[in-house]
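Q: Feature table excerpt (TrEMBL):
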- 62-75: disulfide bond (DISULFID)
- 65-83: disulfide bond (DISULFID)
- 49-83: domain 'TNFR-Cys' (DOMAIN)
- 82-127: domain 'TNFR-Cys' (DOMAIN)
- 49-83: repeat 'TNFR-Cys' (REPEAT)
- 82-127: repeat 'TNFR-Cys' (REPEAT)
- 217-239: transmembrane segment (TRANSMEM)
């Protein structure tokens with residue numbers, strides 16, 4: 001019985017000790033939180049001691065310079081901040097404690113840009129895309145980089161014209177129409193019959209149909225007949241001339257490659273050219 005009482009007393013003592021330890025830990029955390037809060041509160045108060053239009057230097061609060069100027073001399077115990085205006089291609093667009101003004105941004109034509117609004121002492125340059133370009137990198141009200149609008153290929157038309165902020169859109173011409181790539185609407189192919197002409201070359205989606213004048217059938221047949229007759233007469237004359245030469249034996253005709261275009265040569269041995277012509281005519 002006594003043993004049970006001792007064991008129970010040890011349990012109570014152990015529980016009491018754990019309770020005291022927990023209380024001490026909570027108290028320590030509470031004090032740590034309070035100290036931390038006070039510490040950071042002090043820092044915040046210290047940072048916020050200067051007014052909004054002031055800056056801190058060497059533990060003192062000095063007035064900032066207005067937009068369009070910079071700090072020339074920082075303030076001291078006996079003098080305020082000395083400011084100087086920005087000059088050249090420099091600016092400041094807000095109250096500041098800068099020792100020098102900010103350089104104005106250039107609008108580089110190599111990046112597809114041109115000046116929209118020139119730089120002033122209180123504002124930076126505003127750039128915009130060149131004509132035929134659109135902006136791909138915009139910051140605030142200014143463009144930082146632009147690329148050229150897509151050019152439609154022959155056989156395509158401009159479905160949506162490009163703007164300063166958006167690229168152009170192209171689409172393929174439908175059958176029976178054409179475009180050289182610069183049109184906003186495809187044109188229909190010319191109907192040669194409507195003009196009393198014939199179609200020489202069929203139209204494609206990039207080229208119009210080619211029309212030409214009709215050639216009279218009678219004229220074509222007549223010209224063809226004349227050519228055939230002339231060729232026949234020449235052939236008969238050559239045959240007759242050769243036959244006469246062989247029969248009379250007064251000259252020799254050597255005919256080499258009559259129908260060879262690269263070499264056509266008559267070697268004719270005659271007493272005189274006049275004699276040959278007279279015999280051909282007779």
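Cβ coordinates are placed from backbone N, Cα and C, and glycine is handled just like the others.
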Q: Using Cβ atoms only, which residues of the same chain lie under 8 Å from residue 62 (disulfide bond) while being at least 6 residues apart in sequence?
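A: In sequence order, 54, 55, 56, 74, 75, 80, 81, 97 meet the Cβ cut-off.
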Q: Which value does the mean pLDDT take for the domain 'TNFR-Cys' (82-127) in this predicted structure?
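A: Reported value for the domain 'TNFR-Cys' (82-127) is a mean pLDDT of 96.
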Q: As a quick check of your reading of DSSP, tell me how many residues in the repeat 'TNFR-Cys' (82-127) are helical, how many are strand and how many are coil.
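A: Looking at the repeat 'TNFR-Cys' (82-127) with DSSP, the answer is 3 helix, 16 strand, 27 coil.
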Q: Measure from the Cβ of residue 83 (disulfide bond) and count the other Cβ atoms within 10 Å, all protein chains considered.
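A: The answer is 18 other Cβ atoms.
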Q: Let me know how many other Cβ atoms fall within 10 Å of the Cβ of residue 65 (disulfide bond).
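A: Excluding its own Cβ, residue 65 (disulfide bond) sees 25 Cβ atoms within 10 Å.
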Q: When DSSP states are folded down to helix, strand and coil, where does residue 65 (disulfide bond) land?
A: strand
Q: What number of additional C-beta atoms lies within 10 angstroms of the C-beta atom of residue 75 (disulfide bond)?
A: 19
